[in-house]
Amino acid sequence: MKWMFKEDHSLEHRCVESAKIRAKYPDRVPVIVEKVSGSQIVDIDKRKYLVPSDITVAQFMWIIRKRIQLPSEKAIFLFVDKTVPQSSLTMGQLYEKEKDEDGFLYVAYSGENTFGF
């Protein structure tokens, strides 16, 4: 998947930014959220999040649902590195396992359970 955040900011800039965030907020995780291209789901209004490391993936999904004002009857799927993360994992655990070389965790969302990458 092409990440707009990576295209808009150099690797050096992203590394410096994530290091600053982690130093200032050690109990939080820097997350980039973008829609899977081609998905019919609503666009999100912001893509950078600072998430408490102790919330679960399921709780984070609820935050994203609320951000895009998705009705409860509509489905949403989160992907990290083209796979659906276990919903019981904490965001801190997911971050440690899947963070990018730049220090951010990249999460894609879609209304369909397909990657479309």
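The backbone N, Cα and C atoms fix where each Cβ goes, glycine too.
What you are looking at is a predicted structure, and each value in this text was computed from that prediction instead of being measured.
When S10, S88 are looked up in Swiss-Prot, the one carrying the note phosphoserine is S88; the rest have no such note there, which does not rule it out for them. Feature annotation from Swiss-Prot across S37, S87 places phosphoserine at S87. Here the candidates are K6, K24, K82, and Swiss-Prot annotates K24 as N6-acetyllysine. Cα of S87 (phosphoserine) to Cα of S39 (phosphoserine): a span of 21 Å.
Counting other CB atoms no more than 10 Å from each candidate's CB, the modified residues K24, S39, S87 peak at S39. Rounded to a whole number, the distance between the Cα atoms of S39 (phosphoserine) and S88 (phosphoserine) is 25 Å.
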